[in-house]
Amino acid sequence: MPLLWLRGFLLASCWIIVKSSPTPGSEGHSAAPNCPSCALATLPKDVPNAQPEMVEAVKKHILNMLHLKKRPDVTQPVPKAALLNAIRKLHVGKVGENGYVEIEDDIGRRAEMNELMEQTSEIITFAESGTARKTLHFEISKEGSDLSVVERAEVWLFLKVPKANRTRSKVTIRLLQQQKHPQGSSDTREEAEEADLMEERSEQLISEKVVDARKSTWHIFPVSSSIQRLLDQGKSSLDIRIACDQCHETGASLVLLGKKKKKEEEGEGKKKDGGEAGAGVDEEKEQSHRPFLMLQARQSEDHPHRRRRRGLECDGKVNICCKKQFFVSFKDIGWNDWIIAPSGYHANYCEGECPSHIAGTSGSSLSFHSTVINQYRLRGHNPFANLKSCCVPTKLRPMSMLYYDDGQNIIKKDIQNMIVEECGCS
């Protein structure tokens, strides 16, 4: 819902700019809307007094976001030593070697974490029976082919404990990854099969845990580093052997049931006591306790798909929609007496053209809705034929500020959607 509201607000702001822009030859400039990006984009930048106008627009925007009618009047500033001591005690910032205050940007870190969570995928892979006894095979889904950074990976195993008395209350469960080392190359299928039987295998301990053997329950084994190594090697298969040397003393057993084992046990169950119904119930319960691998992963920062989604930076060489960097130092505008941190504001804004061939592509558009509208407009369909696309922010990030109010109180405020990160066509 917040994302839809933001998109609606940006589209409405863009429409206001188009409607309120003066016609050629008219005097003055239209009133700047609250959106700093749109306001700065409409200001003339090729005239000598353009910079002061842009700075004034930034000032008004900051005061508006802080819900202030005017800048606070700091007549008796707090002594710097007292200020720095309070900041250290309250952990709202840190003091650099030069004496400047650096605010703890918790909200920025939270926004980055939320963005990473949105880009993270969760994959659950159920175990298949391995080629050897007490081994499991996990085949990671192809959905994870673009995911190269493992956030978390866990193997879930169910330990079944009988109700009879036991001699042990704890058992150790170990997960050993099986690795193959081929011996040379094979030319024919027969040679390949023979080589597979003769190849060297090694085991590596990837997870170990001491668990309670007094009750039947699930146990979680972290295997993040092992899965990360597999992905780094371009592999998608994990073979592990489960070892529990003390389990036989307690009567406990790990449920290691895959599809292959189920078929084998179905045949055995029919032979024993002719109890097909009872065996079926047990098998169903066993299947509900089937081991699985839970994987949380995301794309790397340099993944080509992620790079394509980033907006353009204005470099003076392009005239299509891009982000223009604009930094205002609070010291330069005389506001460092009441704003403690940060030292300035990145008042980035969007500018540039949105030609039909650019606005109609999903990679540069604000939304799928914008792409559809532009496709209709290109075909001359009413009522979209006369609509024009404009360059607006598509991604905003928050900003934290530390400042004095009129009562000389120190205020820390986290302001959402303050800094333009990316631009696109509406």
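Even glycines carry a Cβ here, placed using N, Cα and C.
Noted in Swiss-Prot for the protein shown:
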- 1-20: signal peptide (SIGNAL)
- N165: N-linked glycosylation site (CARBOHYD)
- 177-186: compositional bias 'Polar residues' (COMPBIAS)
- 177-201: region 'Disordered' (REGION)
- 260-291: region 'Disordered' (REGION)
- 263-275: compositional bias 'Basic and acidic residues' (COMPBIAS)
- C314-C322: disulfide bond (DISULFID)
- C321-C391: disulfide bond (DISULFID)
- C350-C423: disulfide bond (DISULFID)
- C354-C425: disulfide bond (DISULFID)
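Here the features listed in Swiss-Prot are painted onto the structure.
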residue : record         : Cβ within 10 Å
C314    : disulfide bond : 21
C321    : disulfide bond : 27
C322    : disulfide bond : 21
C350    : disulfide bond : 29
C354    : disulfide bond : 24
C391    : disulfide bond : 30
C423    : disulfide bond : 29
C425    : disulfide bond : 27
Message = Under a three-state reading of DSSP, tell me whether C423 (disulfide bond) is helix, strand or coil.
response = strand
Key: Rounded to the nearest Å - Cα separation of C321 (disulfide bond) and C354 (disulfide bond)   = 6
Inquiry  = Given the disulfide-bonded residues C314, C322, C391, C423, find the one whose Cα is closest in space to the Cα of C354 (disulfide bond).
reply    = C391
Request  = Please classify the secondary structure at C354 (disulfide bond) using three-state DSSP.
outcome  = coil
Query = Compared by Cα position, which of the disulfide-bonded residues C314, C322, C350, C391 is the closest one to C425 (disulfide bond)?
reply = C391
Task = Going by DSSP, give the three-state secondary structure for C314 (disulfide bond).
result = coil
